[in-house]
């Protein structure tokens, strides 16, 4: 069943999320990244909506060609080139890997080759920038708004196709969820793991490619535009490229681990993931670099070092917290966390086919500090990206506000699911680890 609050939230996002993306990008294109001036112009009558819309670049054949080539290239890397990085990179887990057990008791297999796709893509990008010169490194920035229309078309197309597929030819009917509410089903998805053929998994592809592979390319294009406009790349732009680049590389290095996260293990594939990964992620997660093109910031040495340290500490907490849980799971708790055997609470749950499973919830290490301490590290890194942009405008700080709302909501959503799944065992766990994000606070 869909309660009224969930339905209202779904309708709000379906109506306003695309407008939010447009508003942010338009404000940079026409108002030097000011979020207030467009509203002031409209409220005072200085401009009409038609004036702003008429100045917005429309879809072009060039942008359509660039985007089509980009997505096709990423599909080819995903489908046609089995991973070889795991054969020569120590510690990297790639190739064919198994995901978690689905609600219907299915264990899907995945071809993990995202790091390989990222490396090949960026090698070609730098080869072009320094040797071949087939296109300008600023090509993404120069076509940013026309590319946004292309991303929207793909996002809506894949979301609509996923819904139709869920109704008429699902990959696994037992892993489909129908609420009877069209808008909720369209947004949150019907199929758990929609696939075409054996290997093309919608969730894995769209969560990681093309959006996250593009993330670092987008930032590089912003840096190239700064160089073109001002003759230099500021240290704030370098910070954003480095810190966000570490996050992206971490994602692909740990792509096999990602198969056990909430996006893959619990979310169904609908507009929330389909459109979100195509549009929301590449356009709003890169706002800091876009802002710095219009407002270059040269940080003082002490400030730059402080922001870099904050980003590194956040990344360390994020990675080590996730590493502790992954080590705990892989070894079935036969390991050491901070030099001693981990503490845990053993839980049981039933799948929809009536099979009983057992889980262990760790209560030591970082996981003894807070139930989602990995999100705390993520938020520290997010704040570092924003601080690199200074304090002249609020636009680059949208990211930390959004991530705080998103991750807090994820905490609550995940814990509601865990309470339903584990029952009394979950209450025992929350008694042992009482805080969600900040020890002693929340």
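Including glycine, each Cβ sits where the backbone N, Cα and C put it.
Since we're looking at a predicted model, the values are computed, not measured.
Here is what TrEMBL says about this protein:
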- 6-25: transmembrane segment (TRANSMEM)
- 59-79: transmembrane segment (TRANSMEM)
- 115-132: transmembrane segment (TRANSMEM)
- 144-164: transmembrane segment (TRANSMEM)
- 204-222: transmembrane segment (TRANSMEM)
- 229-249: transmembrane segment (TRANSMEM)
- 269-287: transmembrane segment (TRANSMEM)
- 299-318: transmembrane segment (TRANSMEM)
- 382-407: transmembrane segment (TRANSMEM)
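In this chain, the transmembrane segment (115-132) lies apart from the transmembrane segment (382-407): fewer than three C-beta pairs between them fall below 8 angstroms, excluding pairs fewer than 6 positions apart.
Against the transmembrane segment (299-318), stretch 382-407 shows more Cβ pairs under 8 Å than any other of 6-25, 204-222, 269-287, 382-407. Stretch with the largest number of CB pairs closer than 8 A to the transmembrane segment (6-25), among 59-79, 144-164, 204-222, 229-249, 269-287: 269-287.
At the 8 Å Cβ cutoff, the transmembrane segment (59-79) and the transmembrane segment (204-222) share at least 3 close pairs (sequence separation 6 or more) and count as touching.
The transmembrane segment (144-164) shares more Cβ pairs under 8 Å with 269-287 than with any other stretch in the list 204-222, 229-249, 269-287, 382-407. Scored on C-beta pairs under 8 angstroms, the neighbour of the transmembrane segment (269-287) with the top count among 204-222, 229-249, 382-407 is 204-222.
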